[in-house]
Each structure stands twice: as structure tokens, then as C-alpha cells.
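Peer 1: As listed in Swiss-Prot for this protein:
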BINDING   87, 105, 106, 107, 108, 109, 507  ATP binding site
BINDING   893, 895, 904, 905  Zn(2+) binding site
COMPBIAS  871-889  compositional bias 'Basic and acidic residues'
COMPBIAS  899-909  compositional bias 'Basic residues'
REGION    857-909  region 'Disordered'
């Protein structure tokens, strides 16, 4: 109450920020009179002037009014589009590293040109992040006209792009690309064998379009690069045939072998289920007589059994995936698009393939991984824009340190958002939806119907066909026609049924979009200019008539067939109507059997319906119901936030270790004088550790195991050292000088090898072996971390803190990995016999990674929503190195041990 009173007196923080920005807007508007008379050359010359001023030490903030005025003028000349004052405000918000919430149709794409141009003047590069390749390419071509006119270079990063083109795109002043591609390029840059193969520069400034989709919806799904693992795929088919023999528990009291938890997307075997499963596995010859599923050697069987149960109980065809050309293709739950080449991990995809009786592909091994949360936090400055961020403002602030600023609309919003109608059954709900669509169709009002799955999408399409109502269907199966369908969704009498993919990034223009028709006329070589102008004018007049007609009818009508888990996604659907002050309306139709209500709120709403004595077939439309639904959504949003926060806390451990490994790797790649000094330090450390194993510190000679040490030196380093003879001949030989003599002999042996082979060849080989060893052990370490994380929650039963235990054990694993790398490198270099340079090149070829797959995967114990996916691409890995976060020798080690870097993981240097 007090906060509301203070707001009414002083205004909210958002209001105060807008007032501050408006002062700068006035300055920009005053500059327009001086900028407008400039010639094109003079306007372009402003870029060189600004760059020089930045080089001389002037801050970007000081340049902002002039730079924005120049971009506004360029927009007028090149695109015929002048930035509104609200777009100038949005540009300032983005430049300050905040999130700009701007309503649909208010011009976010044009707004982004302002801070992009300003920050590109520093010469460090700006990354514009979009949700798909189509938008990246479209915006680079469209808005790129402004940047090129002003003398800046523009690049676009696409998924199948050749290596050289990708390097050129990242070298440009401004780069467009998708969130996935930026992340995968970063990982690939840290897997290359030569520094020249990297593609990314320093991560300077990123503007994330649809920031809620990328930083919230996809935050639970890490980017993973993997390769094929060995293994027999036949087991998936054999296990799948056993699943129908297990019965599902309908509730806690009823008998059954397994239960399904829809909230956490998990399948749990009961004790009876374990016994029944063991019997079925024994009969199938998969479990040896007398052994149990609990035996260590049968852990993989539990893994396969769980994957098969999840595939049968939780994953449905045409909802979570489709089957095309003998392949299981995942459907993106956020966009409704098909994701060819992507795969669920942990054997789930193979289990679904077995269920659908299509060819089964092998499982994958993780080679590199990072979450969007940790990738985007590496940028020196991060900003975002979307139409719906305010509901997630707390999370943006907590996780990314990003403040959300709501930008005022250019024109007042006139869309009418009607109250939800709730029915008892889906049948009643769909009858009401059909009646609403029919009413709009008869009045010629365009309708966009939003569905949450392909299954519901096609069900509604079938009902409309039965009613003989013409309509367009937009889902993952028709994604090729997406632009055409969305472009015409605002036509009179047009009925469009769409999944979540409903054209984010594409405006629905009332009366239809005439641009396609106009472009066709312009490309027609049989018409002269006069004829083209006449036809284009006729098209404009026809569009204006349709536009006016649709406005009179009330604009675009939005129908939601069920509520999403997040209020934000509902708002995105509503936001398709009412752009730039246009009229429009929206309504959601729900039933008590919809997933959100069934899982979270059905009892409460059913009680309300009973209390109000609602007859069957009647809808309830009441503030109580709306409140109950919003509470259910808040519950889900809070749960999802906790999951994302928990994922980040666990991933931060791996992230600190990742930084150390990638820094070591990049120092190896960039070392101009070779890595001989590093190799020498590692060799000395390994030899000391080996000697300490047989001659413990502060021990007496009787405790020494000299024969064991002689044998170890022979097997590890191929060195025959007569230690026993030394001791017999020299009574003065003690522990310390024995260490020194052994190390001296090891060094001499190695230097002799370098002389025989030649220093240049040996230095090249040293670098390759170091990189190969780091990469191999890092992959194994990632698998170990994943295995550790899967079972760490069980520590809670032993009164231990799982997160603390995870940090402690992950650190121990990391230390062991570093020791293993050192031992591995030393042993190989001491024992290898190099006869030619071709041998070295063959090692490089063997080390090159091929047939990589690119995943978007959830960690198993956190997989409470859409799980694991992977994308298969055939292009060579290519890639970035972040140098500006280099750890100083006396700084605390990033691994969290509390030691100085030079005394911990810096020893590798």
C-alpha cells in the first residue's frame, strides 16, 4: 500500500527513466534540422568523424544524440522510415545494456539500428541475435542498407555457411545470427587445432531479439556438441517390446508397475514394477539368472528401461515429434517448428525410434557444452528487446543483471482482451470456438487461432473442414509457407490456425500484406515503368479498401484454444492483434481437461463451477476463474524459474572449469615460441609425483621401493636407470639429490629426442599432443560431471547439501583430470618414436573431429520440461577466444579451491 502511494506521488522507476530519456530525445530532435541538409557523402563522412572521436577518447554516451540523429536521417533516405520518438527511447535503453519491452508492431527491428550503429563505432563488433536463420538473413539485408549507406560492414552467420564466409561475417562491424549459431561457434572455436581456424572475435555487445524466448524459454537447454558413441542399438528394440507387459498406475492406491509424474516429466518404477521388469528381462535373455537390476553390471539396463518407459508414457506422436521418411523429428515446444537433425539424448531418442519402429541411430558422447545463460553473460554488454518481458523482469534482473524498461506505445492500444471462457470438456470448448470462428467468418472479420500442439492444430482444422469453413493451417509441417500464410492472415474472411510458431518477427497487416504482389510486378520484365506504376497504385488502392473494411469489422480477432504455462506466451499470442493502435480483440477458450488446469488448478475451478451451478455446455466467465488460472500460471512460472536458477548454479561449477580449460587451450594455440617450457614444467611435475610414490617425502632409505621405481621409470618413460647401483656406489645420495639426478636424466633423454627429430617438428608435435590430451580428458570429464550430477540429489537423504557436495567432488574430478593430462602428455612424448613430419600430420588428421552433432539438451535431474535435443550438421567445426577475462597468476583460481591460480590450475602453464 505504501509503495502504491509513493508511486502515485513520484511515479514508478519506469516512468522516471522515460522522463530522463525524453530529455535526450528533445536534443536528438533539435539536431534533425542540422543533419537533414547534409548530402549523402557528408552524412556518410559522419561515421569516420565519430570513429576518430572514439579513438581520441570520447565516450559513446557523448556521441549518442548525434549518432542517433544520423541513423534516423539514413533511415529516412534509404528505407523511407523515420524513427519515432519511442524508438529513440528504446535505442537508448538498449545502448545502456537493458531490456526494452516494446509492443508488437512498434518497430523493434528499426529501433535496434540506433544502438547497433553507435556501438559499432568502437570497432569491436556488435552481434544481433535472432531466433532463426530466416530473420537473421532478412534483418541483415533489410537493416543492413542503413549500415552500408553509413559506411559500416554487415555480416550474417548461417548454420551451413563455409568457414571463410563465417570468419568474414564475424570480422564485420555488425553481425547477424541465431543464438544457437553464436553459441556453437564459441564451442567450436575452443575445439580447433590452429588459431587461424577460429571465427569469433571478442564478445563485445549483443542485442538479443525476442530476448524472452532465448534467455528464458531456452535457458534450461544447454548447447551441446557431441560425437557418436559406440554401442549396440538392437537393445532398444528388445526393451521396447517388453514395455507393453508393464502396467501403469492410475493413482497412488491402484496397483501397477510404474507411475507417471506429468509435472516433472518422469516415469517411476514401483518395487513390484522392478520385480516384474526383472522377470520380463530374464525371459528375454537380457538379465542373467540370479542377477538383479540393482547389480552394478546392470545399470545400463535400468537406463534403457527408463528411456523406453518415458518414450511410451510421455512422448506422443504429432505433439512432441513427427515421423517423416523413417525418421523421428522433434517438434520445438516453444515455436511448434520441426527440428530436423536434432535429437534427444540419454537414449530417449533411440527409445522413441524403437517405439515407432524406424531405424535406430547410435547414442552420442558430449564433446563440449555451455548454457545460454553462461554464454551470453560473457559479453561485455548485453541488451535485449521483446514485446513481452515485464512478467519475467525479476528473472532477467536476478540471472543476467538486466533491467527491463517498458517503452510507451507510439499510438494508444485499442485491442479488447475479453475474459476467458471455461468449459467442462474439450468437446464443449471446441464447439464454442467453431461458433466464434463461424461468426467472424460470416462478418468477414479475420481470425487467428493459436494452438499449443500440431495435434490440436490438425484437430481444429478437421472440425473446420467438417463445417465447410475455409481456413489456412500453419504448423511445423507447413513451415515453408509460413511467410505467405502470415502475410495474408489479416485479409477479410481469412481464418488462420497456427501453433506457437505464429510468425514472431513478422507483422500481420490488416487487409493483408501487398508487398509480395508488388514485388512480383516490379520483377515482371514484360511491363514498362509506367505500367508497373499503374498496377502498383491499383494494388495499393485495393489494399487500402480491404484495410479500411477490416478496421470497421474490429480488426484481427485472436482465439486461444488453451492457456500456456507462461502468461508471457499468452501475451505474445494476444500481441498479434492491435499493432500500432489498430483495433483488435482476443479471447481464450479453456476446458477443465486442458493440461494447465488438469495438473494445477482443475479442482478449484471445478468447485467454482459447481458452486455457481453451471449447466453442462455452459461456459463460466468469472474473475474468480481468471484469478485461479493466473495463479496456476504463476506456480508454473515460479517452478520453471527455480529450475533455471538451479541449472545455472550447477552449470556455474562446470563453467569455471570450462574457463580454465579453454584459457589453457587458447594459450597453447597462441604461443608463438612453442610450448617447450610448459612441457618441461609438466614433465618435472610428473616425474616428481612418480618418484614420491616410491620414495615418500621425509622417509628413510629402508622405506624406499627402488625396484618399483626402476620398473615404473622403464614402463612410463622407456628409461633404464640403475637406481640400486647408484645408491650402492654413492653413500651420500639422499632423497633430494636423487630427485634431481633422475629429472636431469629424463630431461637429457628428451632433449636428445628433440635433436634427433628436429626442434620445429617436435614443437609442432608437442602442441598437438597437448591439445589432443586436453580435449580427450575434457570430454571424459564432462561425462563424469554429468554422471555425478545425475545422482547428486540423493546426497540429501544423507543430510548432505547436494550443491556443496557437487562442487567439492567436481573440484576433485577436475584436479584428477589435470593430473591425468600431465601424465598422459609426458608419457606420450617420452615414449613416442617420430620418424617423419608426415607422422605428425597424421596425428593432426586423427585428432580432427568429424560427424559432430549439435544439441540443445536438458540435464537429466532437471529435465522437468522438454528434454534433450541435438542438431546434426556436416560443416567443419570452426570458431572464439575470450582474452579479456585472463586470470592473473596471483588471482584466486576460478575453480573455487581458494588457492592462488599459480599454485592451483595455473601449474599447467
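The backbone N, Cα and C atoms fix where each Cβ goes, and this holds for glycine too.
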Peer 1: Provide the number of Cβ atoms within 10 Å of the Cβ of residue 108 (ATP binding site), excluding the reference atom itself.
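Peer 2: Excluding its own Cβ, the number within 10 Å is 23.
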Peer 1: Neighbour count, 10 Å Cβ-Cβ cut-off, for residue 109 (ATP binding site): what number do you get?
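Peer 2: So the number of other Cβ atoms within 10 Å of residue 109 (ATP binding site) is 18.
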Peer 1: Using Cβ atoms only, which residues of the same chain lie under 8 Å from residue 107 (ATP binding site) while being at least 6 residues apart in sequence?
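Peer 2: Sequence-distant Cβ neighbours: 81, 83, 84, 87, 410.
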Peer 1: Restricting to the same chain and to sequence separations of six or more, state which residues have a Cβ under 8 Å from that of residue 106 (ATP binding site).
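Peer 2: Within the chain, residue 106 (ATP binding site) has Cβ neighbours under 8 Å at 86, 87, 387, 407, 409, 410, 579, 580.
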Peer 1: Please state whether DSSP places residue 507 (ATP binding site) in a helix, a strand or coil.
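Peer 2: For residue 507 (ATP binding site) - judged by DSSP and reduced to three states - the answer is coil.
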Peer 1: Should residue 109 (ATP binding site) be counted as helix, strand, or coil on the basis of DSSP?
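Peer 2: Going by the DSSP assignment, residue 109 (ATP binding site) falls within a helical segment, counted as helix.
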Peer 1: With the ATP site defined by 87, 105, 106, 107, 108, 109, 507, which remaining residues of that chain have Cβ atoms positioned within 8 Å of the Cβ centroid?
Peer 2: 102, 104, 110, 111
Peer 1: In the structure shown, with every protein chain counted, which of the binding-site residues 87, 507 has the densest set of Cβ atoms within 10 angstroms of its Cβ?
Peer 2: 87
Peer 1: Give me the count of other Cβ atoms within 10 A of the Cβ belonging to residue 105 (ATP binding site).
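Peer 2: There are 21 such Cβ atoms around residue 105 (ATP binding site).
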